[in-house]
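Taken from TrEMBL as is:
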- Cys118: active site (ACT_SITE)
- His251: active site (ACT_SITE)
- Asn281: active site (ACT_SITE)
- 112-191: domain 'Beta-ketoacyl-[acyl-carrier-protein] synthase III N-terminal' (DOMAIN)
- 235-323: domain 'Beta-ketoacyl-[acyl-carrier-protein] synthase III C-terminal' (DOMAIN)
- 252-256: region 'ACP-binding' (REGION)
Amino acid sequence: MGSVISGVIAGTGGYLPARSVSNDELAAEKHLDTTDAWIVERTGIRRRHFAADGETASSMGIAACQAALAQAGASVADVDAVIVATATPDSAFPSTAARIQGGLGVTRGFAFDLSAACTGFIYALSVADAMIRTGQARGVLVVGTEVYSRILDWSDRGTCVLFGDGAGAVFVVAEEGSTRGLLSTHLHSDGRHGDILQVDGGAGSTGGTGVVRMAGREVFKHAVTKLAAAVDEALAANGLGHDDVAWLVPHQANIRIIEAMGRKLHLGLDRVVVTVDRHANTSAASIPLALAEATRDGRIKPGDLVLMEAIGGGLTWGAALARF
Ligand code: COA
């Protein structure tokens, strides 16, 4: 019997654009009828980063991948595949993944984008894990990279205050008989709810490229119930309980949703990685950015069980469990 192959997160990396904008600065700059107090109380968001002219999902993704490879002690020669989750690709094609592959100087393997909005990183991790387990790849860069500042309606105070730009990446490598690695991933979608969180246009649309539209209250209700079910599913699938979880690394959309998940899992905020205050919602980039921060500052240690969960447009949602 051959030993089981698992996908191990060997390195993490993040990239944030230099420009960080506070709630007050945003309100003044965009002439928004809002206050710092309203945004902080409802969302926990205090600041967000915005990409500079010329910065794109691929340019930020390249920086995040370089950081992830460096932390893993790996080189571009170890990369078999690049999988990018993004809702804000540089162009319809080449894919952002192919652009990142080229930019990194990877000369073999394959690269592609996938689309699952804010759940994109969990989806991409799931695909990488499956490809590693089936022997299709041994080193996979899994990237979430977003420039939501380019798809926001700056006259809609209910959405434009919620999002920021950035990129995160992990390098997942095949290990035989390892006690570390991705234990399982759990993906869900329900297209019947597509209209409550959407970009109302796109490259193939007759109505223009579109901006983010959201029914905030509806999304909030779905988030709390669906994420709770997804984390239960992930723990049950592995015969684990909330006591086993060292860190919850949730998608960073709203501190109230994050706190609700922490309470459900009996995890205090000292065991939840939170970046939403400084990054806002960076969609597919939020989980890998949080992983990059918490592995660098020593919170996430080798051997720690990390639970990740996300929900986003589609609706899509899911969870992943990984032993670091
Ligand atoms: N500043 C001030 N007032 C604002 C505002 C802002 N930035 N945005 C909305 N409001 C106002 C609304 O216009 C509304 O005013 P009205 O009562 O006069 O019509 C009021 O605040 C309440 O709006 P509502 O949308 O019901 O607020 P809410 O309490 O649901 O909070 C969200 C709004 C967006 C913060 C909240 O619904 C939320 O976090 N939803 C989940 C969003 C999410 O996580 N999305 C991403 C998932 S990937």
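Cβ atoms here come from the backbone N, Cα and C positions, even for glycine.
Cα of Asn281 (active site) to Cα of His251 (active site): a span of 8 Å. Per-residue pLDDT, averaged across the domain 'Beta-ketoacyl-[acyl-carrier-protein] synthase III N-terminal' (112-191), gives 98. In sequence order, Cys118, Thr119, Asn281, Ser286, Ile287, Met308, Glu309, Ala310, Ile311, Gly312 are the residues near His251 (active site), counting only same-chain partners six or more apart with C-beta under 8 A. Note: the domain 'Beta-ketoacyl-[acyl-carrier-protein] synthase III N-terminal' (112-191) comprises 25 helix, 34 strand, 21 coil (DSSP; helix = H, G, I, strand = E, B).
Neighbours of Asn281 (active site), defined as other CB atoms within 10 A of its CB across all chains, total 24. Cβ-based neighbour count (10 Å, all protein chains) for Cys118 (active site) stands at 32.
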